[in-house]
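Undergrad: Summarising the annotation, Swiss-Prot assigns signal peptide to 1-26 and lists similarity to another entry as the type of evidence. Annotation comment: Swiss-Prot describes 40-51, 68-170, 145-162 as disulfide bond, evidence class sequence analysis. Under the heading domain 'C-type lectin', Swiss-Prot lists 47-171, citing sequence analysis as support. What Swiss-Prot records for 103-118 is region 'Sufficient to activate EXTL3'. Annotation source Swiss-Prot lists Zn(2+) binding site at 107, 121, 144, citing similarity to another entry.
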């Protein structure tokens, strides 16, 4: 018979081996489980948990946002980070949009009355923590809706007259 110390050591080794084996098998099982991917309608692309679509039929800012609202939780796109800005830019460029600025969900419902241009917000009420103005918006221009500018590669924002008719990008749930 084995001495008591050897038996205790072997028991711990066996227990450790079984625990390691169960962890490794558990990791393998996790890899076999299919991951859920969002499925976007034809003509739109997924980024994060949203679908994005560029519409080349020009509309005013208000009509464009209403058109986006026909989709689940849809609005004109809110651009919340540099990586999202790059994604939206690539979406627009890949469409062949050849020369117009593009509406996004940025607007100033105070019509320039908020001090220091503080009235700008996203149409879907997302918090504005990311700013990428091409030039600071003017409170006297009469332009209270936001676009992505062609000159910036569709990365930077500029104010525009809301009744101008432009292509637009919608952001919505799949």
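Placed from the backbone N, Cα and C atoms, the Cβ positions cover glycine too.
Locate each feature and note its surroundings.
TA: Within 10 Å of the C-beta atom of residue 51 (disulfide bond) sit 22 other C-beta atoms, taking all shown protein chains into account.
Shown in sequence order, 74, 75, 76, 168, 170, 171, 172 are the residues of the chain, 6+ apart in sequence, with a C-beta less than 8 angstroms from the C-beta of residue 68 (disulfide bond). Residue 68 (disulfide bond) carries a helical DSSP state (H, G or I).
Other Cβ atoms within 10 Å of the Cβ of residue 121 (Zn(2+) binding site), summed over all protein chains shown, number 19. For the recorded site, residue 121 (Zn(2+) binding site), the DSSP three-state label reads strand.
In the three-state DSSP assignment, the secondary structure recorded for residue 145 (disulfide bond) is strand. In the shown protein chains, 25 other C-beta atoms lie within 10 A of the C-beta of residue 145 (disulfide bond).
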Undergrad: If you take the centroid of the Cβ atoms of 107, 121, 144, the listed Zn(2+) site, which other residues of that chain have their Cβ within 8 Å of it?
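TA: So the additional residues around the site are 106, 108, 109, 110, 119, 120, 123, 145, 146.
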Undergrad: For residue 162 (disulfide bond), which residues in the same chain are close in space, meaning a Cβ under 8 Å from its Cβ, but six or more apart along the sequence?
TA: 60, 61, 62, 107, 143, 144, 145
Undergrad: Which whole-number value in Å describes the distance between the Cα atoms of residue 121 (Zn(2+) binding site) and residue 51 (disulfide bond)?
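TA: Residue 121 (Zn(2+) binding site) and residue 51 (disulfide bond) have their Cα atoms 21 Å apart.
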Undergrad: Could you give me the DSSP helix, strand and coil counts for the domain 'C-type lectin' (47-171)?
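TA: Split by secondary structure, the domain 'C-type lectin' (47-171) comes out as 27 helix, 36 strand, 62 coil.
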